[in-house]
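Student: Quick one: this structure, given as structure tokens, is what I'll be asking you about.
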Amino acid sequence: MTKKALSAVILAAGKGTRMYSDLPKVLHTIAGKPMVKHVIDTAHQLGAENIHLIYGHGGDLMRSHLANEQVNWVLQTEQLGTAHAVQQSAPFFKDNENIVVLYGDAPLITKETLEKLIEAKPENGIALLTVNLDNPTGYGRIIRENGNVVAIVEQKDANADQLNIKEVNTGVMVSDGASFKKWLARVGNNNAQGEYYLTDLIALANQDNCQVVAVQATDVMEVEGANNRLQLAALERYLQNKQASKLLLEGVMIYDPARFDLRGTLEHGKDVEIDVNVIIEGNVKLGDRVKIGAGCVLKNVVIGNDVEIKPYSVLEDSVVGEKAAIGPFSRLRPGAELAAETHVGNFVEIKKSTVGKGSKVNHLTYVGDSEIGSNCNIGAGVITCNYDGANKFKTIIGDDVFVGSDTQLVAPVKVANGATIGAGTTITRDVGENELVITRVAQRHIQGWQRPIKKK
């Protein structure tokens with residue numbers, strides 16, 4: 001059988017009142033990206049040719065936060081129920097394609113579960129995703145006859161036998177475009193809320209003698225939504241534990257999975273060790289035998305083999321060569337590139353600079369817009385003065401240079417190979433090869449000096 005084309009509808013128009021936030025509900029993040037972005041990504045992985053994103057509250061924020069997403073923006077000006085939301089996108093449906101309905105506040109739905117749902121969809125019928133709950137209170141119960149779904153009964157309308165049913169509706173469903181358009185046009189709003197409900201499609205399909213089947217999600221968390229921050233935090237912890245478990249099984253030593261956050265993607269080598277309270281953001285690549293100390297934050301970095309990053313260091317948009325040592329309390333800002341066997345120590349900040357092989361910047365130093373050669377020693381308290389209040393300028397330091405403590409290098413300036421700069425020096429002109437430069441005033445000794453006396 002030829003596989004049908006697929007489109008997705010993502011309902012994301014809700015305000016999220018219980019979030020107590022100016023952000024639309026679906027823009028609140030788990031694992032570093034908006035809930036709705038997780039759903040969009042899953043729809044892409046599923047092979048959806050079109051993704052119709054139904055939006056309403058906070059429309060400008062939605063469009064700005066998701067500006068790069070390949071979606072068809074469909075505005076729902078009034079929120080009149082789930083069927084009304086899907087109906088806004090119905091003009092875009094092709095009759096012979098499958099349509100899967102997803103929810104922007106249920107971010108953990110997986111490609112594998114949706115594939116099973118699509119595969120189970122009967123011709124001209126509906127496949128409904130359900131789940132078994134130990135406590136189904138408040139959810140619509142699934143009523144079956146001969147295995148098929150004949151109705152969804154809401155809690156308030158259920159009789160005693162129906163209240164004992166554990167299988168409930170998740171709202172996720174698949175049907176073809178023609179059937180969706182036909183049934184959506186017949187949905188009424190004759191209910192207490194005066195809204196148009198997607199669950200009414202089940203009865204309409206049965207009226208037309210079209211089969212409705214149910215596929216059960218094996219993991220309840222896949223279909224859990226987040227209506228408040230407590231539920232959002234529960235989804236976050238679940239996903240973080242799932243990600244940490246996967247990494248542990250791949251050989252990464254995460255000392256405490258409950259205190260590890262992955263907010264992006266992590267590519268890793270062998271024998272990687274990650275201590276507690278480490279945050280990984282964006283795209284991070286770790287080589288073999290990398291050790292990351294407690295409390296570090298790594299964002300969009302590439303780390304070579306045998307690197308140790310000591311506690312409480314922050315690295316962003318940087319590259320670190322093999323056998324380097326970073327921290328503790330180091331900061332690598334965007335554009336920092338450290339060669340092999342470099343040392344960057346406590347309270348050192350490096351931005352948009354390269355540091356050559358074997359060079360050391362060990363204490364209390366700022367290096368910005370600079371090039372440092374190999375086997376250099378940059379002493380404590382050194383500052384590259386790269387900004388004149390309007391423009392940035394470069395400092396270029398050659399190989400085998402020794403820069404003494406408390407030195408200021410006022411850019412633009414070049415220091416040639418083998419130069420030595422004495423402690424406390426301010427460099428304003430280029431330094432030649434193998435030169436010693438020192439600008440300190442002569443030390444004076446004044447005998448019998450009397451300290452000032454406080455006036456009464």
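Using N, Cα and C of the backbone, Cβ positions are placed for all residues, glycine too.
Annotations per Swiss-Prot:
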- 1-229: region 'Pyrophosphorylase' (REGION)
- 11-14, LYS25, GLN76, 81-82, 103-105, GLY140, GLU154, ASN169, ASN227, ARG333, LYS351, TYR366, ASN377: UDP-N-acetyl-alpha-D-glucosamine binding site (BINDING)
- ASP105, ASN227: Mg(2+) binding site (BINDING)
- 230-250: region 'Linker' (REGION)
- 251-456: region 'N-acetyltransferase' (REGION)
- HIS363: active site, proton acceptor (ACT_SITE)
- ALA380, ASN386, TYR387, SER405, ALA423, ARG440: acetyl-CoA binding site (BINDING)
Student: To the nearest whole angstrom, what is the C-alpha distance linking ASN227 (Mg(2+) binding site) and GLY14 (UDP-N-acetyl-alpha-D-glucosamine binding site)?
Tutor: 10
Student: Would you mind listing, in sequence order, the residues at least six apart from ARG333 (UDP-N-acetyl-alpha-D-glucosamine binding site) in the same chain with a Cβ closer than 8 Å to its Cβ?
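Tutor: Within the chain, ARG333 (UDP-N-acetyl-alpha-D-glucosamine binding site) has Cβ neighbours under 8 Å at GLU316, ASP317, SER318, GLU349, ILE350, LYS351, LYS352.
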Student: Out of ALA380, ASN386, TYR387, give those binding-site residues positioned within 10 angstroms of LEU11 (UDP-N-acetyl-alpha-D-glucosamine binding site), comparing C-alpha atoms, in sequence order.
Tutor: none
Student: Would you report the average pLDDT that the model assigns to the region 'Linker' (230-250)?
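Tutor: Mean pLDDT across the region 'Linker' (230-250) comes out at 98.
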Student: Counting across all protein chains shown, how many other Cβ atoms sit within 10 Å of the Cβ of LEU11 (UDP-N-acetyl-alpha-D-glucosamine binding site)?
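Tutor: Total other Cβ atoms inside 10 Å, all chains included: 28.
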Student: Relative to the Cβ of ALA380 (acetyl-CoA binding site), which residues of the same chain, six or more apart in sequence, are found under 8 Å away?
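Tutor: Listed in sequence order, they are ASN362, HIS363, LEU364, THR365, SER405, ASP406.
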Student: Let me check the 10 A CB neighbour count of GLU154 (UDP-N-acetyl-alpha-D-glucosamine binding site). How many other CB atoms are there?
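Tutor: So the number of other Cβ atoms within 10 Å of GLU154 (UDP-N-acetyl-alpha-D-glucosamine binding site) is 15.
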Student: Among the binding-site residues ASN227, ASN377, ASN386, SER405, which residue has the largest number of other Cβ atoms within 10 Å of its own Cβ?
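Tutor: That would be ASN386, with the most Cβ atoms nearby.
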Student: Using DSSP, how many residues in the region 'Linker' (230-250) fall into helix, strand and coil?
Tutor: 20 helix, 0 strand, 1 coil
Student: Among GLY14, GLY81, the binding-site residues in question, whose Cβ has the most other Cβ atoms within 10 Å in this structure?
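Tutor: Of the binding-site residues GLY14, GLY81, the highest Cβ count within 10 Å belongs to GLY14.
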Student: Which ones in the same chain are close to GLY104 (UDP-N-acetyl-alpha-D-glucosamine binding site), with CB under 8 Å and 6+ residues apart in sequence?
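Tutor: Expected: ILE10, LEU11, ALA12, GLY14, LYS25, VAL26, MET35, VAL36, VAL39, LEU53.
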Student: Could you tell me which of these recorded positions, HIS363, ARG440, has the greatest number of Cβ atoms within 10 Å of its own Cβ?
Tutor: HIS363
Student: Considering each pair of residues in ALA380, ASN386, TYR387, SER405, ALA423, ARG440, all listed as binding acetyl-CoA, report the largest CA to CA distance in Å, no decimals.
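Tutor: The widest Cα-Cα gap among those binding residues is 23 Å.
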Student: Same-chain residues six or more away whose CB lies under 8 A from the CB of ASP105 (Mg(2+) binding site)?
Tutor: ALA12, GLY14, GLY16, LYS25, VAL26, MET35, VAL36, GLY225, ALA226, ASN227
